[in-house]
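**Student:** Here you go, one structure.
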Amino acid sequence: MLFESILRPERRKYKPLTTWKNGSKASTKWIRIKSLSIKQWLFISVVFSITSFIIFSHFLSNSSLHGLIRIPPKPKFKCYSNEDPLRASLRRITPNTHVSKFQLRLDPKVLVFVETQYSKLGKQITEILESSRIKFKAEIVGKSLPLLTNLERGRFAVIIFENLNKYLNMNKWNRELLDKYCREYSVGIIGMIQPNDEKRNGVQLRGFPLQMDTGVAIRDFRLNPLSPILRVTRAGEVQFGNLPGDDWVVFYSNHTSYQPLGQAYLQRPIELYSNDVNTNETNFIPKKKLVTTVIQDHGLYDGIQRILFGNGFTFWINKLLLLDSISFLSHGKLSLPLQRYILIDIDDIFVGEKGTRMKRSDVLELLDSQRRLSLLIPGFRFNLGFSGKYYHKGYADEDYGDDLLLDNADKFWWFCHMYSHTQPHLYDNITILENEMKMNHEFAQVFNLLPLCYVLDSAVLPRQTCGLYTHTIFLDKYPGGRHKLDNSIHGGELFYSFIFNPINVFMTHLSNYGNDRLAIYAFESVIKFVQCWTNLQLYTLPPLPLATKYFQLYPEESDPIWMNPCNDKRHHSIWSSTKSCDQLPKFLVIGPQKTGSTALYTFLSMHPTIVSNYPSPETFEEIQFFNGKNYYKGLDWYMNFFPVPKNSSPSYLFEKSATYFDGELVPMRAHALLPTAKLVAILVSPIKRAYSWYHHTRAHKSSIALNFSFFDVITANEKSPKLLRELRNRCLNPGTYAQHLERWLSYYSPQQLMIIDGEELKANPVLVMNKLQNFLKIEPYFDYKLHLRFDPKKGFFCQVIHMNSTKCLGRSKGRVYPPMDSTAHKFLRSFYLPHNIALSKLLTKLHHPIPSWLEDDLSTGYT
Ligand code: A3P
């Protein structure tokens with residue numbers, strides 16, 4: 001037992017500091033002091049006061065002395081609405097749920113109209129959505145609108161305008177279309193009135209019975225407790241004092257459609273201009289009148305609900321109100337949950353430099369803080385990470401601190417690091433790594449930590465920082481000053497971490513609990529602030545149940561997502577030096593199947609600088625990594641399909657897997673690993689594609705395809721046998737092109753995507769390959785005219801091998817089968833009609849010519 005022998009004998013037991021008082025020395029001093037006269041006492045006091053004054057006034061700015069008299073800050077935030085019964089009664093007891101039947105026809109997505117790709121407010125809005133995991137599509141307000149519906153479903157549950165003026169000044173056609181969509185699907189609009197320095201009053205909002213004053217300065221902000229929008233945000237509290245900026249826009253209306261959400265008093269009265277030249281009277285809006293900064297339009301005027309913000313996000317609460325507005329207008333489809341789970345890790349409880357570690361008094365305060373926090377978060381405990389090697393490595397009082405922690409071990413949760421706190425990837429010897437783990441295990445055994453320890457197998461939860469690092473230990477030295485930490489607590493970064501993340505695992509270090517005990521200050525303050533301003537319910541869980549909870553909330557996150565290690569400095573540093581990030585494709589041919597993807601693959605491989613992957617024993621030329629089970633084989637598995645590019649002969653790696661096109665997760669996964677890759681899709685008539693697929697499965701002896709006619713397959717319904725339904729889906733689903741392309745385009749920009757007309761590839765592959773070379777910006781130019789020739793026997797273009805001979809694709813490509821019967825054709829024309837309409841709109845939006853097969857399918861689809 002390594003630790004029994006080494007650690008036990010040395011371990012100092014915690015002894016109370018006060019023992020010396022009972023000793024004889026203390027008693028003698030006490031007798032002498034008692035014998036002093038009152039005059040002597042007075043004299044000593046005066047001398048002491050003067051000396052102290054001189055010393056303090058001279059040295060107070062000196063940091064070393066400042067350190068000696070350091071008093072850790074106390075969490076000072078006070079929630080008035082908790083103490084004032086009148087205000088407490090104003091707030092809603094049960095937060096609004098916002099759920100209504102209208103959400104059933106809406107997709108959980110927000111459409112954000114931004115002014116430009118880089119506009120500040122637009123970026124802030126999309127960042128808030130991203131942080132809250134709310135899906136969105138950002139569109140630059142322009143000539144055309146994105147597709148708003150998809151087969152009787154509204155594609156967006158809420159619409160946000162970064163600048164409301166862009167909505168008000170939209171061209172008539174688009175405005176009518178958008179308003180019609182909002183009315184039909186009961187979708188609301190959030191509009192930002194851009195802050196305005198110009199002081200104007202009584203400005204009418206174009207087309208609405210609503211007036212605004214601009215360039216206003218306000219103070220003492222509060223929420224309207226009767227507003228149905230409030231959900232996460234809790235009414236009752238007032239933010240006293242001036243609000244940032246004097247560029248606020250405030251709203252007025254006599255119409256019953258309007259209801260205030262955010263209100264404040266004016267810093268100065270507003271002078272109202274009078275149009276009447278005969279009167280010299282000046283009217284004022286007095287300072288004492290409440291004005292509205294965020295207003296709700298119930299839609300009584302024109303049938304559309306709107307929420308208007310009279311400022312951006314310079315004031316912290318507006319972000320919270322934006323999230324509640326999204327929840328309200330989406331009928332609860334995009335509501336954040338109200339439960340929040342908090343775990344505070346003290347990452348390295350023994351790892352710290354001498355002089356910065358926790359002393360006994362710090363440990364006592366840690367225990368007391370834990371007790372106070374457990375009154376706010378039931379069952380709260382700190383979660384301590386330990387590396388045994390650093391136990392007892394401080395000054396005497398710090399070592400006593402270590403002992404006091406271990407004496408109170410059962411009051412905390414514990415988790416294991418390596419014995420000497422080295423990161424596991426830094427070991428190049430597995431035996432040493434195992435030994436390190438064994439030693440820390442033994443340490444845990446000796447100090448009875450094992451039953452209190454939580455070991456996460458492979459579940460790793462994301463952790464948040466709270467703005468405190470190992471070296472941020474004194475309040476007066478906090479980077480950016482104390483107000484920076486306070487701002488983070490009172491509506492800033494730390495506060496919003498609670499808002500955005502249903503599960504917060506905060507990372508702190510022991511030095512944050514010694515010294516100025518900044519972690520205690522920060523957490524107690526922010527939790528009080530959260531409970532004052534929000535309806536969030538705070539809970540805690542030990543690491544393992546917390547991980548279970550996390551993956552229940554985000555089941556998709558239990559799946560790995562492979563990203564390029566070279567795109568992140570920290571990832572790159574733990575990436576093996578023998579691996580290269582260039583072993584990845586520069587472009588993907590994504591299919592779909594039966595459109596000519598093998599022909600394109602073959603033609604590309606003829607190019608001297610284009611190199612495809614090595615073949616797979618199971619799926620031949622296709623790797624099929626981003627869809628299906630292969631993804632779980634990992635990044636190394638994928639990379640091994642590609643040669644390491646040589647500097648001497650630059651090569652352009654690519655991969656073709658035709659099943660990528662309609663794979664639900666593929667665009668997200670592909671984008672995570674290959675964000676700058678180019679994409680190539682090939683489209684033929686979806687009717688033809690379905691028929692080709694049917695014959696393909698028959699040729700592969702699928703019993704279900706052999707036993708059922710094409711018409712039986714495509715008309716299979718929910719009562720049909722499972723295998724038949726599956727075949728129908730695989731036959732028909734890839735052909736809903738617009739839907740799949742939209743998914744790719746929600747990850748990749750249109751500039752990264754090339755759409756090839758499969759009929760053109762058949763009829764004029766040289767032209768298509770030239771366009772593709774241009775799109776890929778590939779060098780040297782390869783003259784396909786010399787290398788492709790039409791083979792009358794095959795009926796397709798084939799590779800020229802010699803003057804007189806060509807090499808064509810195998811028998812499985814360009815099959816001969818009877819023409820499709822007219823009933824099946826008619827059925828498919830109307831089945832694909834809405835999808836083809838959507839495709840035609842999408843291609844127009846992408847400035848892509850409409851292929852002739854699409855025009856044919858559309859013109860005959862209506863009959
Ligand atoms: P059919 O076999 O139904 O005629 P994929 O390679 O994506 O599976 O697509 C197969 C289809 O590619 C064939 O469908 C055929 O029509 C088309 N194709 C296009 N160019 C071709 C070529 N040069 N040789 C053979 N088939 C080609």
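A Cβ is built for glycine as well, from the same backbone N, Cα and C atoms used for every other residue.
Whatever TrEMBL says is automated annotation, not expert-curated.
For 41-60, the entry in TrEMBL reads transmembrane segment. The annotation domain 'Heparan sulfate-N-deacetylase N-terminal' is assigned in TrEMBL to 107-329. Per TrEMBL, domain 'Heparan sulphate-N-deacetylase deacetylase' is recorded for 339-449, 459-495. The domain 'Sulfotransferase' annotation in TrEMBL covers 585-802. TrEMBL lists Lys594 with the feature active site, for sulfotransferase activity. Marked as 3'-phosphoadenylyl sulfate binding site by TrEMBL: Ser692, Lys813, Gly814, Arg815, Val816, Tyr817. Residues or ranges marked as disulfide bond in TrEMBL: Cys798-Cys808.
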**Student:** Give me the mean pLDDT over the domain 'Heparan sulphate-N-deacetylase deacetylase' (339-449), rounded to a whole number.
**Tutor:** 94
**Student:** Residues of the same chain, at least six outside the domain 'Heparan sulphate-N-deacetylase deacetylase' (459-495), with any C-beta under 8 angstroms of its C-beta?
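**Tutor:** Here the qualifying positions are 66-67, 70, 72-73, 77, 316-317, 345, 352, 356, 501, 503-509, 511-512, 514-516, 518-519, 521-523, 525-526, 529-530, 533, 543, 546-547, 550-551, 558.
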**Student:** Can you see whether DSSP assigns Cys798 (disulfide bond) to helix, strand or coil?
**Tutor:** strand
**Student:** Could you tell me which of the recorded positions Lys594, Val816, Tyr817 have their C-beta within a distance under 6 angstroms of some atom of ligand 1?
**Tutor:** Lys594
**Student:** Residue counts in helix (H, G, I), strand (E, B) and coil for the domain 'Heparan sulphate-N-deacetylase deacetylase' (459-495), per DSSP?
**Tutor:** 14 helix, 2 strand, 21 coil
**Student:** Tell me the coarse DSSP state (helix, strand, coil) of Ser692 (3'-phosphoadenylyl sulfate binding site).
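**Tutor:** Reduced to three states, the DSSP call for Ser692 (3'-phosphoadenylyl sulfate binding site) is helix.
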**Student:** With an 8 Å cut-off on Cβ-Cβ distance and a minimum sequence separation of at least 6, pull the same-chain contacts of Arg815 (3'-phosphoadenylyl sulfate binding site), or say none.
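**Tutor:** Looking at Cβ-Cβ distances below 8 Å from Arg815 (3'-phosphoadenylyl sulfate binding site), excluding near sequence neighbours, one finds Ser692, His695, His696, Ala699.
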**Student:** When you put Lys594 (active site, for sulfotransferase activity) at the centre and draw a 10 Å sphere around its Cα, which of the recorded positions Cys798, Cys808, Lys813, Val816, Tyr817 have their Cα inside it?
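**Tutor:** So far as Cα distances go, the recorded positions lying within 10 Å of Lys594 (active site, for sulfotransferase activity) are Lys813.
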**Student:** Among all protein chains shown, how many Cβ atoms are found within 10 Å of the Cβ of Lys594 (active site, for sulfotransferase activity), not counting that one?
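**Tutor:** Lys594 (active site, for sulfotransferase activity) is surrounded by 24 other Cβ atoms within 10 Å.
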**Student:** Neighbourhood of the 3'-phosphoadenylyl sulfate site (Ser692, Lys813, Gly814, Arg815, Val816, Tyr817): other residues with Cβ within 8 Å of the Cβ centroid, in order?
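**Tutor:** So the extra residues in range turn out to be His695, Ser812.
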**Student:** Return the residues near Lys813 (3'-phosphoadenylyl sulfate binding site), defined as same-chain residues 6+ apart in sequence whose C-beta is under 8 angstroms from its C-beta, sorted by sequence, else 'none'.
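**Tutor:** Non-local contacts for Lys813 (3'-phosphoadenylyl sulfate binding site): Thr598, Ala599, Phe796.
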**Student:** Using a 10 Å radius around each Cβ and all protein chains in view, which of these recorded positions has the most neighbours: Cys798, Cys808, Val816?
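**Tutor:** Of the recorded positions Cys798, Cys808, Val816, the highest Cβ count within 10 Å belongs to Cys798.
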**Student:** Might you list, by sequence position, any residue in that chain lying six or more from Gly814 (3'-phosphoadenylyl sulfate binding site) with a Cβ less than 8 Å away from its Cβ?
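**Tutor:** Looking at Cβ-Cβ distances below 8 Å from Gly814 (3'-phosphoadenylyl sulfate binding site), excluding near sequence neighbours, one finds Lys794, Gly795, Phe796, Cys808.
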